[in-house]
Amino acid sequence: MEWDWHKFRKDTAFATRNLVWYTLIMSVVTEMVSAMVSALTKTGGSSESLISEVTGTAASAGMIAGVLIGVFCLFKIDGTKAEKIDIFQKSKRKMTAGAFSRFCIYMIMAQMVFSLIAAAAELILNQLGLSMDTLTELASVGSDMGIMMMIYAGFVGPVVEELVFRGFLMRRFEKYGKGFAVIVSAVLFGVMHGNPLQIVFGTLVGLILGYIAIEYSIKWSIILHIANNFILGDVIGGLFELLPDHVEEIAFTAFLGIGFVIGFVLLIIRRKEWISWLKENAAPGSYYLNALTTPSAVIFIGYNLFNGLMLLALIFMEPFL
């Protein structure tokens, strides 16, 4: 592929610059709505549990409003200042029950990788008298969520994230190769999570969802994203939480372990297909470096990594608080 350096930098800068604007708008709206809801529902002399519930509802309402207004502004800018991109374009490949089941297994594999990273980090920090519990709780979806957070994490969040990362970003990068588009959008998706435990997990999930969106349809990546967050994270996770404490962790780890083994076997069986796809859709290494080092990409990555460092700082400061 002939590389037009100027156009490449212009295209990637446009995409990442508007990702920064989306993040800024989302963050500001989230904080404003959270503060307003909290102020409107605050009552004097309330119990600690009620205050906690109100705070959680306010935060969830803020996040829902933030991502919805953010994605609206993103596509408003995209529709007026750039060439038209059909993010809902369909591929000739048809999704089958077997293929969708395989992708579900791959998502469980990614969850197992997350669990292993979390366990290793916890083991290391325990030697220092510290714990990763705060980060793990922030990264996990459980049955104790309020209804607003369940709506956000299980439905609104996945839909908006797919529109932003597999729609707006990936489709704009696609002209420089499918592999490039999937990988760069996945890396930015992983970094977006901020939480150090979720960056690797988010990137792996982004690779799976990106492949589905570009080879099948964004409709299927949205469905799988919802299935991962709501069914695997909330419904199945909640069912395991009904078990006695001493059984829950063992049972859930066994569930993830079985899924990981099945997924690994599937990857081995289908390795020629994956290798062929990577070779056919690979981009020069300089593409990735240059896309991720545009000023706006550096700002986006730096902002989210800074948030991650602040979370790590909380871990080390917790014994002194």
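Positions of Cβ are set from backbone N, Cα and C atoms, glycine also.
Please treat TrEMBL annotations as automatic predictions, because they have not gone through curation.
What TrEMBL lists as domain 'CAAX prenyl protease 2/Lysostaphin resistance protein A-like' is 147-231. The transmembrane segment annotation in TrEMBL covers 20-40, 60-78, 99-125, 145-164, 176-192, 198-214, 226-244, 250-269, 297-317.
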Message: Against the transmembrane segment (145-164), which of these stretches has the most C-beta pairs under 8 Å: 60-78, 176-192, 198-214?
response: 60-78
Task: Sort the residues of the domain 'CAAX prenyl protease 2/Lysostaphin resistance protein A-like' (147-231) into helix, strand and coil with DSSP and give the three counts.
output: 79 helix, 0 strand, 6 coil
Message: Considering only Cβ pairs within less than 8 angstroms, which of the stretches 20-40, 99-125, 176-192, 198-214 has the most against the transmembrane segment (250-269)?
response: 99-125
- line: Contact count check, CB pairs under 8 angstroms to the transmembrane segment (99-125), set 60-78, 176-192, 226-244; argmax is 226-244
Field: Among the ranges 20-40, 60-78, 176-192, 226-244, the one whose Cβ pairs under 8 Å to the transmembrane segment (198-214) are most numerous
entry: 176-192
Task: Grab the pLDDT values for the domain 'CAAX prenyl protease 2/Lysostaphin resistance protein A-like' (147-231) and give me their mean, rounded.
output: 94
